[in-house]
Amino acid sequence: MREKIDVLFRRVRGTQIEQPCEPVKRALILSGGGARAAYQVGVLKALAQILPADAPNPFPIICGTSAGAINALSLACHTGNFSEAVSDLEQIWQNLTPSQIYRADLWSLIRGGTRLAASLFNEGVGRHQPLALLDNRPLRQLIEDRIQFNQIDIGIAQGQLEAVSVTAMGYSSGESVSFYQGSTQIDSWKRHRRNGCACKLRADHLMASSAIPTIFPTVHINREYFGDGALRQLAPISPALHLGAERVFVIGVSGNRNPQHWIRRRRTRHSPSMAQIMGHLLASAFIDSLEGDIERLERINELIDLVEPDKRAEQGLPLKKVDSLIISPTKELDKIAGRKIRYLPRTLRFFMRAVGATAKGGGATAASYLLFAQPFCQELIDLGYKDTMWERDSIERFFSDPCPLPSNEAPKKSELVTSNP
């Protein structure tokens, strides 16, 4: 199926290339960020329109973390073509409500908050039931209703999938574990504080990967409890490379890579609220590690360019350049969240306001992870779609194959999408 994608995009300025090519192993990397993951749906929607209407899944390797893991499995487990898979995923996000993700009634919030507070004085409080402010059992029901995990093996057998991975963090070991399901040719890996574990993916892995600290409960898998995969994930791109990726398509959920935001500084007139502090802590887990890993990938590619391929082979250096395309928001999602906080459940909105999670209080970042409301999600979907369509040429170059081109202009090896339309 991957050969079909390569043939469909084997065109440069209207010239068809006839040389046979090995299919390129492209990986889709979806980061975490709670409700911010709606932006990824908009990017995928635009990508489905750029690709041919009947195109199969263009990513044989799909890696997801936190809410991005749920999107990743939704794509990997879909039985139709890529456009149909994205359409179904968009429908879920367009009709999403907070009640489908967590329970935010007054009793549930009081119970969760009381148990968290009591645990500070009595460690036995969370012994039989994981501690969390919110009950996310509705999310488990949504996952079990929407995702057919048995389709992963079918996709692998049919050649549509090479592997799919979900990353979670073990609270006992402190390791970032990438649970993956793929072909038998893929070996598990072990690195410092991170490893890959072959398994049959199920709802528990998605619940663990999306368990935001103190907000959603941890999940017991095998020997330990696991939480949000963005925690201690030092190398978010690494799982895709271990699974055999030669090109990586990364969808971020931060606008920090936009150069226009780097020079903006506003005068601060008050000390940070608790929500603002929590927002930065969450951002350091969900966002900063991905951006740092992208920068490392770009620097390594630049260093590899300085060494001729013959020299690398002569010295036995197992280094190869990994082409990349990164799409991230051209607008600040925190500001969008600040305008949409009123769509949170009333009890949760009262709690967030009490800790300063307002636009004026600078705590909209924390609220953005819980804003699973249609107005917020739809605006992020529209933004992701617009940002991606603006970079259509870069995307078509990314999906072109590596065959020798008849002209002197070869497609760029790496593209950084940060321009503001």
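The backbone N, Cα and C atoms fix where each Cβ goes, glycine too.
For the ranges 14-18, 64-68, 329-333, 384-388, the feature annotated in TrEMBL as motif 'GXSXG' maps to 64-68. If you measure from the Cα atom of S66 (active site, nucleophile) to that of D228 (active site, proton acceptor), you get 6 Å. Across the residues of the domain 'PNPLA' (28-241), the predicted structure has a mean pLDDT of 92. Ranking the active-site residues S66, D228 by other CB atoms within 10 A of the CB puts D228 at the bottom.
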